[in-house]
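*Asks:* Checked Swiss-Prot, it gives:
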{"type": "ACT_SITE", "residues": "Glu185", "note": "active site, proton acceptor"}
{"type": "BINDING", "residues": "Asp42, Ser43, Asp86, Lys116", "note": "3-methyl-2-oxobutanoate binding site"}
{"type": "BINDING", "residues": "Asp42, Asp86, Glu118", "note": "Mg(2+) binding site"}
Amino acid sequence: MLPSDLVKYKKNSQKIIALTAWDSISGSIAEQANVDLVLVGDSLAMVCLGYKSTLPLTLGNIIYHTNAVSRGFKKNIEEQPLVIADMPFLTYQCGEDKAVEYAGKIIQSTYAKAVKIEGAEPEIQKVISRLIRMGIPVMGHIGLTPQSYLNLGLKKQGESLESQEKIKKEASILEKLGCFSIVLEHIPDLLAKEIQNTLTIPTIGIGAGNYCDGQVRVTADLLGLNDDQPPFCQPIIQGKELFMKKLKEWVESERLN
């Protein structure tokens, strides 16, 4: 699958389903679950590496984990999900030349076929435009942007009219720049619906209601593996409790043998 194929999904009213992955096991599970795309998100900084935010993640980290995810795939290459890698904090906010260099390393060194970039500020717009002109597909990401939490916090975005207009304008700009898709995070359902109806490229929601063209979730959140759950992700299973229960039972049984 290529990034441009996601536009066909929208034209055909076919829902896009995505999960995050961070190693070969989570990559294999996502593939076997028949998702359309796998996002190697910077959330792995917290899920896998134990950091309190996404900010410490490095370029080397994202390359390492993207390769690990791809090694978990078992299907024929044409049946494998599309792999998209997040660009870590300060790998694209450092000027166009450096951003091209770093994004190029991700594409050259992994099986990722696109990168995801947060925000739509004028400086970021220039970077996105340059990357696309250089042949690197870009997925946009607006609404709640976790890499900006030191300034914006982690609260829901788009609740005021001013904020809604800003997000709608950003979505339009990202489409015009050439993004093949946009993640909408933690915004009101009706705002996401309005954006979805306006754009010709697909919107993929996380905490943005059911009107988006697709949905993405952090797999560890969905499986209930994290202590701190985001308000917009209801676990489908309390995985941590289940695993701990079974492991404790095994430990006790082994002690008795």
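Here the Cβ of each residue, glycine as well, is placed from N, Cα and C on the backbone.
What you see is a predicted model, and the numbers here were worked out from it, not measured in a lab.
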*Asks:* To test your reading of the Mg(2+) site: which residues beyond Asp42, Asp86, Glu118, same chain only, put their Cβ within 8 Å of the Cβ centroid of those residues?
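*Replies:* Leaving out the recorded residues gives Gly41, Ser43, Thr54, Leu57, Met87, Pro88, Phe89, Lys116, Ile117, His141, Pro146, Gln147.
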*Asks:* Output the one of Asp42, Glu185 that, of all these recorded positions, has the highest number of other Cβ atoms within 10 Å of its Cβ.
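*Replies:* Answer returned by the neighbour count: Asp42.
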*Asks:* Return the residues near Asp86 (3-methyl-2-oxobutanoate binding site) by Cβ distance under 8 Å, restricted to its own chain and a separation of at least 6 in sequence.
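*Replies:* Same-chain residues close to Asp86 (3-methyl-2-oxobutanoate binding site) (Cβ under 8 Å, separated by 6 or more) are Leu39, Val40, Gly41, Asp42, Leu57, Ile62, Val115, Lys116.
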*Asks:* Which ones in the same chain are close to Ser43 (3-methyl-2-oxobutanoate binding site), with CB under 8 Å and 6+ residues apart in sequence?
*Replies:* Thr20, Thr54, Pro146, Val218, Ala220
*Asks:* In angstrom units, rounded to an integer, how far apart are the Cα atoms of Glu118 (Mg(2+) binding site) and Glu185 (active site, proton acceptor)?
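*Replies:* So the alpha carbons of Glu118 (Mg(2+) binding site) and Glu185 (active site, proton acceptor) sit roughly 10 Å from each other.
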*Asks:* So how many other Cβ atoms are close to Lys116 (3-methyl-2-oxobutanoate binding site), meaning within 10 Å of its Cβ?
*Replies:* 24
*Asks:* Using DSSP and collapsing to three states, where does the residue listed as 'active site, proton acceptor' fall: helix, strand or coil?
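*Replies:* In the DSSP reduction, the residue listed as 'active site, proton acceptor' maps to strand.
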